[in-house]
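**Student:** Below you will find the structure I want to go over with you.
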Amino acid sequence: MKKLWQNCHIATMQNGQYSYIEDAAIVTEGHLIHWIGKQQQLPTDTYSETVDLNGAWVTPGFIDCHTHSVFGGNRSVEFEKRLQGVSYAEIAASGGGIASTVRATREASEEQLLNSALKRIRCMQQDGVTTIEIKSGYGLNYENERKMLRVIRQIGEKLPMTVKSTCLAAHALPPEYKDQSDAYIEHICTEMLPKLHAEGLVDAVDAFCEHLAFSPAQVERVFKTAQSLGLPVKLHAEQLSSLGGSSLAARYHALSADHLEYMTEDDVKAMAASGTVAVLLPGAFYLLRETQYPPIESLIKHGVRIALSSDLNPGTSPALSLRLMLNMGSTLFRLTPEQALAGVTIHAAQALGLEQTHGSLEQGKVADFVAWDIEHPSEIVYWLGGDLPKRVVQHGQEVIF
């Protein structure tokens, strides 16, 4: 049955621009957009329900394309340490950082991980997020990576959201492989990834390319394994130093390379040539009080698509509002509100390989949208905090919170 959503204005975000339709209407059928356009051009038809959106501005549902939403415990004590002058690298070297979350995650049951993650993700959902990517990477052995990935699949079953699962086994070195990073990479490639993929738990493969994690050569071994399994790749790259990880990601036609504070112009050119999306993570940049900015002007000049994401994680970005990340992306990185909104809609969809079905409001795409009680889409980026009045529609059905 067809449902009519009328009396609205639309920022479709096609081609990464507002692409306005004023005095508009949307017709949904099931979970898809059947028709979209100006109200006066609405085809004559019979509708099972008509919804008055009261002059709202409608945008695509937000896509949070880089999160670590499933984890045990939290790291508020480390937050204090960093404010006392201890660096992220020093915390990691002393057994904190990712290692402390690994311990807490291994100790937690699937049910505990699921319940804590659902609380966080419902906050994101109320902020307008309709699609989310979630990484493993706090288990670091087969049993616990599998546990995390199973929880991610359960989240997709529990919530009316699109949930994409990324295996980030190459996130850090587990304690049982201390000083044996090559052996751990071999274990990931020969044991973990093939088994997890065979169970249908993995949509993409990620790794952390950094001096305190894994080298480009080690990451390439993971990428080759993912490629052999037919899985797309992503990469944490150039967050703390320049190792050429983003160029490596480009060589493997990665969906995205993420963080990118220390990338060079050669890296930018490589990503532009491969179509790899640059995912910027202003929450981590802000919380770590970084001073090295991603090369925004170069990315724009060379036509690299820019996405924004929360990087929701317990250590460096405990961010429960993607809308706040929009403001940070504009304020810290000088993105325009239009560029920021593209970063959590169509460009974020491209970072997940979902651009054919999600990320913009077009006929035939999934009916995920948010109707905002605002006077212009830039307000979504402009207002800091609070809960902007909105109606969230997922797969053609309004979500009641």
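We number each residue from 1, going along the chain as drawn.
Glycine is treated like the rest: Cβ placed from N, Cα and C.
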**Student:** Out of H34, H171, H211, H347, which does Swiss-Prot tie to the same 4-imidazolone-5-propanoate site as R75, Y138, Q239, T316?
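**Tutor:** So, going by the record in Swiss-Prot, that would be H171.
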**Student:** Figure out which of D127, D311, D368, D373 sits with H66, H68, H236 in the Fe(3+) site per Swiss-Prot.
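**Tutor:** Checking D127, D311, D368, D373 against Swiss-Prot: the Fe(3+) site match is D311.
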**Student:** Please report the distance from the Cα of H68 (Zn(2+) binding site) to the Cα of Q239 (4-imidazolone-5-propanoate binding site), rounded to the nearest angstrom.
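**Tutor:** If we compare the Cα positions of H68 (Zn(2+) binding site) and Q239 (4-imidazolone-5-propanoate binding site), the gap is 16 Å.
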**Student:** For H68 (Zn(2+) binding site), what is the tally of other C-beta atoms lying within 10 angstroms of its C-beta?
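**Tutor:** A 10 Å sphere around the Cβ of H68 (Zn(2+) binding site) contains 26 other Cβ atoms.
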**Student:** What does the structure give for the C-alpha distance between G315 (N-formimidoyl-L-glutamate binding site) and H236 (Zn(2+) binding site)? Integer Å is fine.
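**Tutor:** Cα of G315 (N-formimidoyl-L-glutamate binding site) to Cα of H236 (Zn(2+) binding site) measures 15 Å after rounding.
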**Student:** Looking only at DSSP and grouping its letters into three states, which state does H236 (Zn(2+) binding site) belong to?
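**Tutor:** H236 (Zn(2+) binding site) sits in a strand per DSSP.
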**Student:** Given the binding-site residues H66, R75, which one's Cβ is surrounded by the fewest other Cβ atoms within 10 Å?
**Tutor:** R75
**Student:** Determine which residues of this chain, when H66, H68, H236, D311 are set aside, have a Cβ within 8 Å of the centroid of the Zn(2+) site's Cβ atoms, and list them as they appear in the sequence.
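**Tutor:** Near the Zn(2+) site, beyond H66, H68, H236, D311, sit T67, K135, D258, H259, L281, A284, S309, L312, N313, S317.
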**Student:** Would you kindly give the Cα-Cα distance separating H171 (4-imidazolone-5-propanoate binding site) and H236 (Zn(2+) binding site), rounded to the nearest Å?
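**Tutor:** The Cα atom of H236 (Zn(2+) binding site) is 9 Å away from the Cα atom of H171 (4-imidazolone-5-propanoate binding site).
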